[in-house]
Amino acid sequence: MRVAMISMHTSPLEQPGTGDAGGMNVYVKNIAEQLERRGVIVDVFTRATRPLQGEVVNVRPGLRVINCVAGPYEGLSKEELPTQLAAFTGSILAFCREEGVSYDLIHSHYWLSGQVGWLLRDLWQVPWVHTAHTLAAVKNNSLADGDSREPESRRICEQQIVDNADLLIVNTDQEVQDLIEGYDATTCAIRVVPPGADVDRFTPGSDRATERSRRELGIPFRTKVIGFVGRLQRLKGPQVLLRAVAELLDRHPQQQLAVVICGGSSGAGGNELERLQLLAEELGISRCVRFLAPRPPEELVGVYRAADIVAVPSYNESFGLVALEAQACGTPVVATRTGGLPIAVDGGKSGLLVDGHDPSDWADALGKLVLDDDLRIAMGEYAPSHAAKFSWQASAEALHKLYEELPPAGHRGERQPAG
């Protein structure tokens, strides 16, 4: 089987935590690699963002990333990419003609790629699978203060994808409900395939390894560490974490506490790092906040291990891969009760779930784990067993099976309703 994966707006080879690169990059990269290990030939098509990028990157014997020229390499925001959908599609078609390659199936990721997948399905007459990753209707119902609503044009495009895709892949049952309630989707076109974590890479460290990670970050031995990993944007809630920590320190001024925020600015403006630094100064906690540049997985392990707690105060997450990775490293998680996070975190066992984004409520939850060593240690010991329930191998196996079961293009109505 040969699969064309479409990831227009961000490459799986980009560093997560910068620009538009995040959980979706991790998802596409790991799923593609695991499918290739199962004998599937995968070509991932993405938009070239650098002139010397090289059109084709051979990642593995049966996995390539193809950088398609569509518009200027730099200067286009994600919001402007719809103007390049035709150019991107044309680049894919030109590549396929030149290579003499054809595909058995298309799998698009995010709504921009979905529009391309829709056209290619009708041209190639092969089944088309789509994974949304995020939905405008859901994001608009859970905006952070200062965030702009997703445009109606995006919601319309998503509706077209839902109405026409042969199969929709979602992370959780909550996403099934989101598609039904927000887009009038039919369950016969939806299947749930939870994502995973690289549980071979993200593992608990020895006491010595943890001490080494803390030394590298310049954190004193007895200081409690709260970590945050992800793109720096309001949607991810780092500002909520800073306000909660300020309140926690007001309540317990003698507590030795450090906040480690690992990620780069993302979204319109690109100056969220400066805003967060200014907020930390205004709150009087800049002395205990460290900002780290995004790190590759082999270095990110050390950040997770150095943390006593990882906070995921997102306004919405379709799943929450950071939460899984942290737990796999033996670090309990405090996360918002939203989207897929109640699945990613076993509330009360591997971490705590918080309703909403009131800094006082977050200070309560963080304080429980900062001040109660026994509770925090018990949750950290349980966390890896919860994370182990989710693996990329299992995700790819389930996805591969669904690929093979798909009827010819345009016949999704013949499928049986999801059980």
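Placement of Cβ uses the backbone N, Cα and C atoms for every residue, glycine included.
As annotated by Swiss-Prot, 1D-myo-inositol 3-phosphate binding site applies to HIS9, ASP20, ALA21, GLY22, GLY23, MET24, ASN25, LYS78, TYR110, THR134, ARG154, with the evidence given as sequence analysis. The annotation UDP-N-acetyl-alpha-D-glucosamine binding site is assigned in Swiss-Prot to GLN15, PRO16, GLY23, ARG231, LYS236, ARG295, GLU317, GLU325 on the grounds of sequence analysis. Under the heading Mg(2+) binding site, Swiss-Prot lists TYR304, ARG305, ALA307, THR331.
Feature annotations (Swiss-Prot) mapped to structure.
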| residue | record | Cβ contacts under 8 Å, 6 or more apart |
| --- | --- | --- |
| HIS9 | 1D-myo-inositol 3-phosphate binding site | ASP20, ARG47, LYS78, LEU81, TYR110, LEU112, SER113 |
| PRO16 | UDP-N-acetyl-alpha-D-glucosamine binding site | GLY22, GLY23, ASN25, VAL26, PRO294 |
| ARG154 | 1D-myo-inositol 3-phosphate binding site | TRP111, ALA136 |
| LYS236 | UDP-N-acetyl-alpha-D-glucosamine binding site | PHE228, GLY230, GLY263, PRO313, SER314, TYR315 |
| ARG305 | Mg(2+) binding site | PRO204, GLY205, ALA209, THR210, SER213, CYS329, GLY330, THR331 |
Given the binding-site residues ALA21, TYR304, ALA307, which one's Cα is the least distant from that of GLU325 (UDP-N-acetyl-alpha-D-glucosamine binding site)?
TYR304
Counting only residues 6+ apart in the same chain, whose Cβ is under 8 Å from the Cβ of ALA307 (Mg(2+) binding site)?
VAL225, ILE226, GLY227, VAL260, ALA326, THR331
Cβ within 8 Å of the Mg(2+) site centroid (TYR304, ARG305, ALA307, THR331 excluded): which residues?
SER213, GLY227, VAL301, VAL303, ALA306, ASP308, VAL310, ALA326, CYS329, GLY330
By the count of other Cβ atoms within 10 Å, pick out the sparsest of the binding-site residues TYR110, THR331.
TYR110
Give the distance between the Cα atoms of GLU317 (UDP-N-acetyl-alpha-D-glucosamine binding site) and ALA21 (1D-myo-inositol 3-phosphate binding site), rounded to the nearest whole Å.
15
Measuring C-alpha to C-alpha, could you say which of the binding-site residues GLN15, ARG231, ARG295, TYR304 are within 10 Å of ALA21 (1D-myo-inositol 3-phosphate binding site)?
GLN15, ARG231
Counting only residues 6+ apart in the same chain, whose Cβ is under 8 Å from the Cβ of GLN15 (UDP-N-acetyl-alpha-D-glucosamine binding site)?
ALA21, PRO294, PRO296
Write down the Cα-Cα distance for ARG231 (UDP-N-acetyl-alpha-D-glucosamine binding site) and TYR304 (Mg(2+) binding site), rounded and given in Å.
16
Site of maximum Cβ density within 10 Å, from binding-site residues ARG231, ARG295:
ARG231
